[in-house]
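Undergrad: Please see the structure below; I have some questions.
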Amino acid sequence: MAAVTDSCSFSSFSKCITKHLNLCYHVDFDSHVLKGRVALTVEVLEDKFSTLTLDTRDLKIFKVTANGQEAKFALGVLDAVKGTPLEISLPFELSRGQHVIVEVTYETSPKASALQWFAPEQTAGKKHPYLFSQCQAIHCRAMVPCQDTPSVKHTYYAQVSVPRELVALMSAVRDGQEVDPEDSNRTIFRFRQTVPMPSYLIAIVVGALEYRKVGPRSSVWSEKELVDLAAFEFSETESMLRIAEDLVGPYVWQQYDILVLPPSFPYGGMENPCLTFATPTLLAGDKSLSNVIAHEIAHSWTGNLVTNKTWEHFWLNEGHTVYLERMIGRFLQSEQFRQFMAIGGWKELKETVNTLGAKSPFTNLVINLDGVDPDDSFSSIPYEKGFALLYHLEELMGGPEVFMGFIKSYIQLFAYRSVTTEDWKNYLFSYFKDKVDILNKVDWNTWMHTPGMPPVKPQYDTTLADACTALCQRWKKASEEDLANFSPNDLKAFSSHQLIEFLAQLLQEEALPLTHVKKMQEMYNFNNINNSEIRFRWLRVCLRAKWEDAVPLALKMVTEQGRMKFTRPLYRELYNFEKFREKVVSNFMKNRPSMHQVTASLVAKDLKVDQTQSTGF
């Protein structure tokens with residue numbers, strides 16, 4: 001088999017691999033840079049080895065040494081997607097199996113794509129600055145010169161110097177703190193990550209943070225303004241961890257903490273080991289959004305322990321994680337609940353395919369990223385098309401218990417490794433060797449390499465969705481005279497998840513008349529619901545009905561939080577309301593500096609502010 005290459009990385013990981021990083025950071029809030037030094041322990045995979053290439057983006061490189069001897073280095077040509085290769089010439093030759101410690105002294109850029117710097121007024125507390133990182137998919141190179149590919153896994157130690165009134169956390173186990181010997185106004189925090197992991201899972205946060213314990217191996221961290229609500233919201237963390245362990249084996253990362261970030265964080269969560277990053281949009285006060293934390297917990301096995309070898313195979317991370325997340329939901333609630341969540345996922349998949357276009361190569365399960373920024377390909381496809389494939393296989397192979405046996409075995413076999421779709425498929429056929437004739441009938445090419453919807457639509461149990469469908473159809477078919485027949489009691493037996501499903505179904509229909517939407521607000525008072533998933537869908541229903549009163553509410557939501565799942569579709573709906581297009585673009589331009597860079601660049605393309613058009617979601 002040909003050696004795996006990564007089109008998103010310059011690093012020659014077929015010639016050498018990083019085994020360990022030792023990081024030192026001085027966090028400078030005045031200049032918005034990390035002053036850094038990293039020592040990479042590199043194992044050589046070939047004889048007569050004397051040069052290596054690391055990934056960088058916008059880094060200033062001051063000095064490079066190899067085993068303490070000065071080494072020559074040069075930054076190569078800038079690539080718009082991959083950044084700049086750092087070519088290092090060693091002062092000696094090495095043989096296969098030998099190790100070298102390469103130390104790089106450097107500084108990040110104030111505009112580093114991995115880092116988000118907040119002024120005090122952008123935080124909940126308004127008193128102290130804040131820093132957080134987001135390295136997935138290929139942004140770690142803007143924070144650390146490294147082999148920035150999920151094909152390579154390594155351990156890391158770190159020490160981070162920050163102003164003494166602030167706290168530093170990383171995706172690692174905390175290992176003590178001390179006064180900075182070079183500046184008594186600063187504190188050094190130490191961290192150890194002893195489980196090998198890919199570079200995109202390196203994470204750092206610095207802020208005025210507090211914590212509350214929510215379990216024997218879990219704490220919730222945030223600014224003090226949110227910490228108690230967060231502790232309430234995530235109080236079921238330990239029970240979810242135990243269910244996951246029962247399903248797929250021991251949790252190997254020691255600590256499972258959750259950090260609630262400032263509102264501009266672009267994702268629902270980020271599965272950084274030992275420290276899941278979570279959006280404050282989860283803090284609905286009703287524990288209805290715990291499936292997001294179940295998803296991030298599941299990543300501890302599917303993604304962090306077993307990792308996609310390159311970003312073309314991202315579905316291996318996300319499809320398996322959605323499958324495991326919904327299995328956790330099955331044990332916490334019921335099989336009907338798992339089926340209900342799968343129905344919602346299928347609708348999200350259909351909407352994504354409609355948005356991207358049924359012939360878009362980004363609707364393939366396995367995609368081609370040559371010359372493409374993985375951020376531009378980000379969508380629900382790897383999550384929901386991946387889940388749909390796994391659920392289809394579950395039905396073919398004998399049900400959830402049988403298929404979970406495969407998932408657990410797959411995780412145990414490939415733990416601490418990175419895999420391709422071919423690796424996964426080969427093991428699937430090996431595990432179910434007595435059912436190969438059934439597996440051979442699966443339309444693998446259409447599932448994996450053909451754009452659009454999957455070739456098979458799973459048959460889900462609609463019990464919990466039927467009430468949502470019935471109410472949706474009542475509103476769809478209602479005449480002006482029928483509006484008097486609706487009442488607040490329509491929703492009396494609905495869970496938060498069913499409210500989300502009801503609104504999601506409305507969004508799949510033709511836009512409701514404005515009279516209907518106004519009546520819906522009068523009866524159900526959706527404007528006063530804090531649950532972000534409900535609010536987001538409700539505002540889209542309003543905007544499609546051209547209700548002008550919804551415009552300021554939608555502008556408020558896209559400004560107060562930066563989660564891409566909400567921000568991009570809402571901005572697109574606002575942009576389609578032509579009367580307010582100028583106001584919408586003006587709102588974006590005004591708030592762009594405080595948005596996360598990834599979100600801002602993609603929304604700019606959605607609003608046609610930038611010349612290039614995004615094909616991503």
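Quick reminder: no glycine exception, Cβ is built from N, Cα and C everywhere.
Note that TrEMBL annotation is computational and uncurated.
Worth saying up front: this structure is predicted, and the values here are computed from it rather than measured.
Taken from TrEMBL, the feature peptide binding site covers Gln134, Cys135, Gln136, Pro266, Tyr267, Gly268, Gly269, Met270, Glu271, Arg563, Met564, Lys565. Taken from TrEMBL, the feature Zn(2+) binding site applies to His295, His299, Glu318. Per TrEMBL, the feature active site, proton acceptor maps to Glu296. The feature active site, proton donor is assigned by TrEMBL to Tyr383. The domain 'Peptidase M1 leukotriene A4 hydrolase/aminopeptidase C-terminal' annotation in TrEMBL covers 463-607.
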Undergrad: Measuring CB to CB from His299 (Zn(2+) binding site), give everything in the same chain under 8 Å that is also at least six residues away in sequence.
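TA: Listed in sequence order, they are Glu271, Asn317, Thr321.
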Undergrad: On the DSSP side of things, how many residues of the domain 'Peptidase M1 leukotriene A4 hydrolase/aminopeptidase C-terminal' (463-607) fall into helix, strand and coil, could you say?
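TA: Going through the domain 'Peptidase M1 leukotriene A4 hydrolase/aminopeptidase C-terminal' (463-607) residue by residue, I get 114 helix, 0 strand, 31 coil.
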Undergrad: Around Glu318 (Zn(2+) binding site), how many other CB atoms lie within 10 A of its CB?
TA: 23
Undergrad: For the residue listed as 'active site, proton donor', which of these recorded positions sit within 10 Å, Cα to Cα: Tyr267, Glu296, Glu318?
TA: Glu318
Undergrad: Whose Cβ lies within 8 Å of the mean position of the Cβ atoms of His295, His299, Glu318, the Zn(2+) site, other than those residues?
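TA: Along the chain, the qualifying residues are Gly269, Glu271, Glu296, Ala298, Thr302, Gly303, Asn317, Thr321, Val322, Leu324, Glu325, Tyr383.
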Undergrad: Between His295 (Zn(2+) binding site) and Gly269 (peptide binding site), find the distance joining the two CA atoms and give it rounded to the nearest Å.
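TA: With distance taken Cα to Cα, Gly269 (peptide binding site) is 8 Å from His295 (Zn(2+) binding site).
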Undergrad: From the Cα of Glu296 (active site, proton acceptor) across to the Cα of Tyr267 (peptide binding site), what is the distance in angstrom?
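TA: Spelling it out, the Cα of Tyr267 (peptide binding site) and the Cα of Glu296 (active site, proton acceptor) are 11 Å apart.
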Undergrad: Please give the maximum pairwise Cα distance, in Å and rounded to a whole number, for the peptide-binding set Gln134, Cys135, Gln136, Pro266, Tyr267, Gly268, Gly269, Met270, Glu271, Arg563, Met564, Lys565.
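TA: It comes out at 18 Å between the most distant Cα atoms.
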Undergrad: Fewest neighbouring Cβ atoms within 10 Å: which of the recorded positions Glu271, Glu296?
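TA: Counting other Cβ atoms within 10 Å of each of the recorded positions Glu271, Glu296, the minimum falls on Glu271.
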Undergrad: Under a criterion of Cβ-Cβ distance under 8 Å and sequence separation of at least 6, what residues of the same chain contact Gln136 (peptide binding site)?
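TA: Listed in sequence order, they are Tyr200, Leu201, Met270.
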Undergrad: Can you grab the distance from Met564 (peptide binding site) over to the residue listed as 'active site, proton acceptor'? Cα atoms, rounded to a whole Å.
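TA: About 17 Å separate the Cα atoms of these two residues.
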Undergrad: How far is it from Gly269 (peptide binding site) to Glu296 (active site, proton acceptor), counting Cα to Cα, in Å?
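TA: Cα-Cα distance, Gly269 (peptide binding site) to Glu296 (active site, proton acceptor): 7 Å.
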